[in-house]
Amino acid sequence: MAGLSALILLLCAAKDVMPSSSHWKPTWPSYRVPVILPQSTLNLDKPQFDAETKLEVVSPCGPACHKSSPLPTYEEVKNYLSYETLYANGSLTETEVGIYILSNSGEGSQGKTRTKRQIYGYDSRFSIFGKDFLLNYPFSTSVKLSTGCTGTLVAEKHVLTAAHCIHDGKSYVKGAQKLRVGFLKPKLKDGSKGANITSSAMPEKMKFQWIRVKRTHVPKGWIKGNANDIGMDYDYALLELKKPHKRKFMKIGVSPPARQLPGGRIHFSGYDNDRPGNLVYRFCDVKDETYDLLYQQCDAQPGASGSGVYVRMWKRQNHKWERKIIGIFSGHQWVDMNGTPQDFNVAVRITPLKYAQICYWIKGNYLDCREG
């Protein structure tokens, strides 16, 4: 495999899933997912944990900049998808990976910064109140990181978030070694013993219950970048908790093209820092896309970064509607559009390669990661 052009064409080729019926439903495409396997693992020196946490990432490289960039070579992609693993005791390893394309076999093959306020016109965010909403799916999948970001439950013990929430591209942030994940739960009133004394006019008080993180995976594409061009493409990380969280989680999926998204929209919920203690939900249209990024103008504040971007589409194999995480909210970009400055909020797309990598981190078996 000399170059990556043929590989990307292969990975982008989804099966024809459009039903012939006139009652068309937005349907999850079925992708041929590659295999990413560890090749070697080296022990690294313990990190210093001296970086300051930045709750937003700013990059001057917009859609045109990304689209004009040359495709990476196969060796470059292998390097970007290799990863570091940070353990709770502070030890650190680096794992090199190999990328493989398997033949079809059965079912499995089917510059300038702006102010921190990232609000576009009327603030269209919704604060979610009350345990009847906060503790129910899909809002219950959103969790808070002790470093200040948001994450999403994607398996029994795993949380997907943004890499910049734990690593600034050069060093791990303060607090990454003792990283915790917070789950909103009702705050019990002393002596109430369950008596129904809650006023319907007053939202029920909630508190965070915290679980320690056992280990963290960060792709080298982020570590070797500078939170710009190629770096933002790999702004994602996976956290493994020390114990199961016992909540319903949201599966990851390969991001379809924007034109195939229901209404061209995406959704995500996060802990925006201008509304402390509140989970904030929003949805908006995708304005542009590249192979690795989705550009949108969802209202967001620092603290929401790391949120799982999701859509709800028809799963034809299971004959039901299903939500899946198709990206990770990363941050903000100030883009020069034909001489006019324009700003976007950016989400990292889960491509077939990233799906294969994140799925392997979760399951540890590539045979369980053959369909995105």
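Keep in mind that glycine also has a Cβ here, set from the backbone N, Cα and C atoms.
According to TrEMBL, the protein carries these features:
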- 1-19: signal peptide (SIGNAL)
- 137-278: domain 'Peptidase S1' (DOMAIN)
Structural state census, the domain 'Peptidase S1' (137-278) (DSSP three-state): 21 helix, 50 strand, 71 coil
Mean per-residue pLDDT computed across the domain 'Peptidase S1' (137-278): 85
